[in-house]
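Copied over from TrEMBL, here are the features:
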- 560-610: domain 'Cationic amino acid transporter C-terminal' (DOMAIN)
- 1-21: region 'Disordered' (REGION)
- 46-68: transmembrane segment (TRANSMEM)
- 111-132: transmembrane segment (TRANSMEM)
- 174-195: transmembrane segment (TRANSMEM)
- 207-232: transmembrane segment (TRANSMEM)
- 238-260: transmembrane segment (TRANSMEM)
- 281-305: transmembrane segment (TRANSMEM)
- 325-347: transmembrane segment (TRANSMEM)
- 375-393: transmembrane segment (TRANSMEM)
- 399-421: transmembrane segment (TRANSMEM)
- 495-515: transmembrane segment (TRANSMEM)
- 521-545: transmembrane segment (TRANSMEM)
- 587-605: transmembrane segment (TRANSMEM)
Amino acid sequence: MEEGGGEAGRRRGWGGGFPSLMRRKQVDSNRVRDEGQGLPQLAKELNVPTLVAIGVGSTIGAGVYVLVGTVAREHAGPALTISFLIAGIASALSAFCYAELASRCPSAGSAYHYTYICIGEGIAWLIGWALVLEYTIGGSAVARGISPNIALFFGGPDSLPSILSRHQLPWFDVIVDPCAAALVFIVTVLLCVGIKESSAVQAVITVLNACVMLFIIVAGSYIGFQIGWVGYKVTDGYFPYGINGMLAGSATVFFAYIGFDTVASTAEEVKNPQRDLPLGIGAALSICCFLYMMVSVVIVGLVPYFAMDTDTPISSAFAKHGMQWAMYVVTSGAVLALCSTLMGSLLPQPRILMAMARDGLLPSFFADVNKRTQVPVKSTVVTGVCAAALAFFMDVSQLAGMVSVGTLLAFTIVAVSILILRYVPPDEVPLPSSLQESLRLGQEYDEERVNSTFGDERSKTYQIKDVIVAESMEDPLIEKKLYTSKMDETKRRKVAAFSIGFVCVGVLVLTSAASSTWLSFVPICIGCIVGAVLLVAGLGLLCLIDQDDGRHSFGHSGGFTCPFVPLLPVMCILVNTYLLINLGGGTWMRVGIWLLIGVLVYIFYGRTHSSLRNVVYVPVAQADEIYRSSSGYVS
């Protein structure tokens, strides 16, 4: 037998080269290791109401106070409500996938964590690196948007106190925003105090924002019934821009639903993650969808879509009916929404940095958890300082498109992870170096026992994934059954893996071709046909073959299960890839530079410092036996 034990021995030392990209970690491996070493852990303080508050607060930003006017006037018309509904359904596809993975793998890191477990280290690093960019720029952009709204209470854009107002630096074409930087520092301090305290503050802000939106719905409905809902009596009908316009509006308002994934990043701080995380994600998205639809129903009915103010659609709608004072209520809602979104942007990033540092891909500095507050204070401070600096010096509005890339990439990879989990879940797990001696001794013992028990002429030894199975030649039926079962399972996994690959390639080809308006008709048709054939073939094969039995024991059981697999994850991949393709070349160029920097960081640091660089991969059953033997020996 080979030294190190068959395939497990051959897979030792994945520290360098291409194979390091495919290293996959075990569920909860780093958190359990830290607990065993007595290191501080994140405080478990969150339940369903606080998760809903975090999700709603992170999702409903000030954009909704502007989007209703822009999308109604330029895309959807009175059909704006249906646009919000379709976008909500599309977001629900990702929410279902997040809910299952969050309940099965309840550790900090969100999409980065799930990708590391299901796909591999290389893709996980890029997802985590993209999310770092998203949350940093997102928080800075939100902070920049708060000061103009606060200035309205003082009489206008330039009415803030001098210490908080924007100034242009001499000799530089830079407008600094002290108010934005100050707000980022305040939120950073609040997040450092503790998850219980910060989530309570965010819950209060979210409730107040929801009250403002309810005021818009109730007061607007009262006016609407008085005037007869004139916005729905336009001569152009309910679909002035046709079905295509309504769908274009859905693609625009889809980004108003981004934020519920913040709930998944707090998984390690939830008291009962298997129950509370799916409920929190689902309830948050449902509340957001309801509020968006009701606000759009009211505002579109008060003013004809072509007469809407694209900058202040809600305030101007009330002003046209004699309620100028409502401007202050609406502005208050915008400020509250921005503050809550700022907290939602700065909350996940320290936890993603902490998860990456736990895995050795970043310095251990980011993994430290404060003993008293039980939050990653160092990561939070670094996040706050970077976001405050960007908010102070840069007008990040031109970089806003980069925020969407990280989220859409995460949504896409999470859906792919669901397919992998169901059809080809990891059948091997990393064995720490501390237990590799147990593996070697156990394999030597098995080899000696087999050699001493069976003669060479009466027996034959079969090795199936490093588990030595000694079958007597007097039992050919058992031997044939085991061999056939192994071959059938191997074939099923290969077919499933190729099918998932067909789906991914087909979606990429189809969406790229459909979005390439600069091409002539014939190449677009060819691309769409090829992509559709690959997509349908992969989806059809996944529907025909059985899902892997190992999915039942993967991670934590008893949680939420994503319905309609494989159709739902495939639809999720299709929607998010289409949106990614259409973000624009300038956005992708800037994101590409950031991802290239991430690749260099991984090559020169993360790859060689990964916690999986010296592990041996063994089958799940064998690893469980080794862990049990080790525990029994210790006790």
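Glycine residues also receive a Cβ, built from the backbone N, Cα and C atoms like all the rest.
Keep in mind it's a predicted model, so treat the numbers as computed, not measured.
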Whether the transmembrane segment (174-195) meets the transmembrane segment (375-393): three or more C-beta pairs under 8 angstroms: yes
Distal contacts, the transmembrane segment (281-305) - CB-CB under 8 A, six or more residues away: 48, 51-52, 54-56, 59-60, 64, 68-69, 72-73, 76-78, 80-81, 83-85, 88, 91-92, 95, 98-99, 102, 210, 213, 216-217, 220-221, 223-224, 227, 229-232, 234, 240, 253, 256-257, 260, 263-264, 313-314, 316-318, 320-321
The transmembrane segment (207-232) vs the transmembrane segment (375-393): 3 or more CB pairs under 8 Å: no
Leading stretch by Cβ pairs under 8 Å, where the reference is the transmembrane segment (375-393) and the options are 325-347, 521-545, 587-605: 325-347
Candidate ranges 111-132, 238-260, 325-347, 399-421, 495-515 - greatest C-beta contact count to the transmembrane segment (521-545) (under 8 angstroms): 495-515
Within the domain 'Cationic amino acid transporter C-terminal' (560-610), residues counted as helix, strand or coil by DSSP: 40 helix, 0 strand, 11 coil
Cβ contacts under 8 Å made by the transmembrane segment (111-132) with residues that lie 6+ beyond its boundaries: 20-27, 101, 105, 261, 264, 348-349, 352-353, 355-356, 359, 361, 405-407, 409-411, 413-414, 416-417, 420-421, 425-426, 555, 591, 594-595, 598-599, 601-602, 606, 610, 612
